[in-house]
Amino acid sequence: MIIGVLNGPNLNLLGTREPSIYGTASLSDILAGLVPVAESLGVELRDYQANGEGQLIDQLHAWRGVVSGVVVNAGAYTHTSLALRDALTATALPFVEVHLSNIHAREPERRHSMLASASLGMVCGFGAHGYEFALRGLIHTLRSRG
Ligand code: DQA
């Protein structure tokens, strides 16, 4: 089974970006930490980060028939992008949403997710560890579906 890990705008700056909110791990650190978890679960990972909405949508289209599900941190597009939600539903890729910060404890404009109601579930507020929890949750759900 192959799982995609999709990261949206500004997440390439993790490590130096507002560390008091997002922590000090870089995106490469987070992805490297996911590899042994994926191995222990018997899955392969593909990852993609882009700052543009269209690039993220194109990657989801490209992952059709390739990945079985996706861990998605859409960054600020979470709160704004009907197009990204449409791409997730149009591709019918099962996904778990992840956020480093607890978006529900932040500014009002971050408390709504355009993606959440189409997701299998959401993990937020656990920093970089959230990616592991999201991956485990996604695989658990995909395997229990058979
Ligand atoms: C984020 C939360 C979003 O509100 C923000 O725009 C991000 C990061 C998070 O991981 O906590 O870019 O998705």
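For all residues, glycine too, the Cβ spot is worked out from N, Cα and C.
The Cβ of TYR22 (active site, proton acceptor) lies under 8 Å from the Cβ of LEU14, LEU100, SER101, GLY127, each of these being in the same chain and 6 or more residues away along the sequence. As annotated by TrEMBL, active site, proton acceptor applies to TYR22.
A C-beta separation below 8 Å, combined with a sequence spacing of at least six in one chain, links HIS99 (active site, proton donor) to ASN73, THR78, MET122, VAL123, CYS124, GLY125, GLY130. Look at TrEMBL and you will find HIS99 tagged as active site, proton donor.
Positions annotated as substrate binding site by TrEMBL: ASN73, HIS79, ASP86, LEU100, SER101, ARG110. Cβ-based neighbour count (10 Å, all protein chains) for LEU100 (substrate binding site) stands at 25.
Within the same chain, the residues at least 6 positions away from ARG17 (site 'Transition state stabilizer') whose Cβ sits under 8 Å from its Cβ are ASN10, listed in sequence order. Among the features that TrEMBL reports, site 'Transition state stabilizer' is placed at ARG17.
Mapped onto three states, the DSSP output places TYR22 (active site, proton acceptor) in helix. For ASP86 (substrate binding site), no same-chain residue that is 6 or more apart in sequence has a Cβ closer than 8 Å to its Cβ. SER101 (substrate binding site) is surrounded by 17 other CB atoms, counting those within 10 A of its CB over all protein chains shown. Residues from the recorded positions list (ARG17, ASP86, LEU100) with a C-beta closer than 6 Å to any atom of ligand 1: LEU100.
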